[in-house]
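All remarks here apply to the structure that follows.
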Amino acid sequence: MLTRPSRLTQALAIPAFLFSWGCASHERPLAASSPASASGNTVPAPGTETPQPAAKPLSRQQESRRNVEAANDLVRRGQYDEAEHLYRLALEAEPNSMEAVAGLGRVAVQRGRYSEALPLLERATKLPSQIIPAFQALGDAYAATGDVERAAGAYRQAVALAPENLEARLSLARSLTEVGEFAEAEEICSRSLRMAREDPVVLSRVYQTLGEVDSRKGNSPAAMSAYYKAAELNPRDADVTRGMANCAIRAGLYAEAAAAYTKLLQLAPLDLSAKKQLAWVNFKLERYPLAISHYEAIRDSLGTVDRYYLAQAYAKSNRVDRAVEQFREVVRLDKENYKGVYCNMAYAFYEANRYESAISVAREGLAADSASACLHFCWAQALDKLGRHKDAIPVFEAALGDPAYADAAKRELERQRRIVRLLQSK
């Protein structure tokens, strides 16, 4: 039987044993358990190991190349600010890096800074390196600034360097279309169709380009057929849908254009240009309330042309005061190019049987454009409606000098004179 001191000793001994066992379990493995010790070699003590050689620092050229590759990847992802930063770091490391120069040019093109892009890309493509993306971007910059001949030349260089590059081939076809070289553009598209047959997305782009070639040639049925194939292959491509809408407008197919713009706005709800075009197409389809609705939804973004068509839609919907309000805004914004708007205002009042207002606006317009046959004719017609036939005669005579109104004015003059003679005889 244990005494009290012996029990205390036993209680203290157990934790001490556990503590010593736990520490031992966390010690380094014995040398004998390592492969080195098994072969007779001893493991060096901590702090006595042979130092490993430090990693060799990158050369300036390697550093530049690494930054260019990272920047190229950022461009593909659309991160242009970060890409520009890395291209500039690459140039700092290697000032003669034409890939970095070309990269800066490509970024400038993507941002729409074409005047900045052109000297960079021209410099990059003059050297033997002949970077394909640089030629592609150079062509894009020329095309955006309206120099389609030089754009075609740059795209030809890109195609010569990489005949299998479909992006360069389609860019060349588009530039040839702009300069009217339809046969060559069509031939490029035909070859590209065979090259892209395994890739629906790229094939869709080829059909889109072919549709544009046919549209510009005036072959509207073939153009719409190509666009329908493109949309079927890639229904979520907003550029294809926009191209189809523009093609339909060229062909006068306003219902098809309206359907395409409606779909485009589902794909790109913030596309302001598409909203304006949809409103205009509905105006052409004489869907005036719908056109007004679309225009009013973007009222703060309307340009002068948009306001002009909105005013006409109001007038066609018998909302004369709103029409005149918009017509006056058009005159305020661009009086020189919209002198004829006074005629629209006068006829808006005339069609609403507000003849005195029509005469007032006609006189106001004639103060700015005294030779306007349209205003004289509208004024005379309003006088006729008011029964002032004698007053209408000299106003109709003033419209005889314009071939567009001469025949109608002559007929009206004869009618007014007969009425005056009849009234005088009575």
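Placed from the backbone N, Cα and C atoms, the Cβ positions cover glycine too.
Keep in mind the model is a prediction, meaning the values are calculated, not measured.
Going by TrEMBL, these are the annotated features:
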| type | residues | note |
| --- | --- | --- |
| REGION | 31-75 | region 'Disordered' |
| COMPBIAS | 62-75 | compositional bias 'Basic and acidic residues' |
| REPEAT | 98-131 | repeat 'TPR' |
| REPEAT | 132-165 | repeat 'TPR' |
| REPEAT | 204-237 | repeat 'TPR' |
| REPEAT | 304-337 | repeat 'TPR' |
DSSP residue counts for the repeat 'TPR' (304-337), split into helix, strand and coil: 27 helix, 0 strand, 7 coil
Intrachain neighbours beyond the repeat 'TPR' (204-237), with Cβ under 8 angstroms and 6 or more residues off its ends: 166, 170, 173-174, 177, 182, 185-186, 189-190, 192-193, 196, 243-244, 246-248, 250-251, 253, 256, 267
Cβ contacts under 8 Å made by the repeat 'TPR' (304-337) with residues that lie 6+ beyond its boundaries: 276, 279-280, 283, 286, 288-289, 291-292, 295-296, 344-345, 347-349, 351-352, 354, 361, 368
